[in-house]
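These come from TrEMBL:
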SIGNAL    1-20  signal peptide
DISULFID  CYS30-CYS47  disulfide bond
DOMAIN    61-211  domain 'Cupin type-1'
BINDING   ASN106, HIS111, GLU116  oxalate binding site
BINDING   HIS109, HIS111, GLU116, HIS157  Mn(2+) binding site
Amino acid sequence: MGSAIFVAFTLLAFASFVLASDPGSLQDFCVAINDTKDGVFVNGRFCKDPQHATANDFFFRGLRMPGNTSNQLGSVVTPAFVAQFPGLNTLGISLVRIDFAPYGVNPPHTHPRASEVLIVMEGTLYVGFVTSNPDYRLMTKVLHQGEVFVFPQGLIHFQFNIGKTKAVAFASLSSQNPGRITIGNSVFGSNPPISDDVLAKAFQLDKKVVDNLQAKIWMDAI
């Protein structure tokens, strides 16, 4: 009898462990607001009273217009994350528009909280991602209009316009707030800077090269 009770409690504890996860939504939506007076805090944001929600909370026109690609990279990302589009709160999805000048690049970066599905609307893009340690395999493809590529969550990836004309892509991400870590900016543009001794050793570079890279990142950020 005692052993049966022990087994039952063990199975119950195990079931509680394996079923641990974020619960499903208990409401239709949770439109994010900045005013906390009448809001309820859910998943990192305060929520509007659903009785006060309108169709405009679920509408976003910010991806209609091309972004300005007159910069060092020749690309610009226009996000539709929860900060710009409050109706996305708790829904686990978001969008971006990426505009490219000829030979513009969206540099190597990661999204720590989301996978990404990208579709080319105009132009031709060379895209790819790198698998994790220990293989570091590079997966690449040249995409034409209407073609799609997926970047798994957390992996370093990029897009490069290989055409002589502008390119446009849209991407959907599996988080309302996917985050973005641009590799070069994070490593050589942190605030305060990572010690050049550390970076010189890690990347097998002369410290003068590291100092130049750090200075360039900072100047580009101004």
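Every residue, even glycine, has its Cβ placed from backbone N, Cα and C.
Caution: TrEMBL annotation is automatic and unverified by curators.
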Among CYS30, CYS47, the one of these disulfide-bonded residues whose Cβ has the fewest neighbouring Cβ atoms within 10 Å
CYS47
Mean predicted confidence [pLDDT] for the domain 'Cupin type-1' (61-211):
97
Chain-internal residues, separated by at least six, CB under 8 A from ASN106 (oxalate binding site):
LEU73, SER75, VAL77, ILE98, PHE100, PHE158, GLN159, PHE160
Cα-Cα, GLU116 (oxalate binding site) versus CYS30 (disulfide bond), nearest Å, comes out at 23
Inter-residue C-alpha distance, HIS157 (Mn(2+) binding site) and HIS111 (oxalate binding site) (nearest angstrom):
9
CYS30 (disulfide bond) and HIS111 (oxalate binding site), Cα-Cα, nearest whole angstrom:
23
Quick check: with HIS109, HIS111, GLU116, HIS157 left out, which same-chain residues have Cβ atoms within 8 Å of the centroid of the Mn(2+) site Cβ atoms?
THR110, ALA114, PHE129, PHE151, LEU155, ILE156, PRO178, ARG180
From the centroid of the CB atoms of ASN106, HIS111, GLU116, the recorded oxalate site, which same-chain residues not already listed sit within 8 A by their CB, in sequence order?
VAL96, HIS109, THR110, LEU118, PHE151, HIS157, ALA171, LEU173, PRO178, ARG180
So which of the binding-site residues is most packed in, judged by how many other Cβ atoms lie within 10 Å of its Cβ, out of HIS109, HIS157?
HIS157
Neighbour count (Cβ, 10 Å) for GLU116 (oxalate binding site)
22
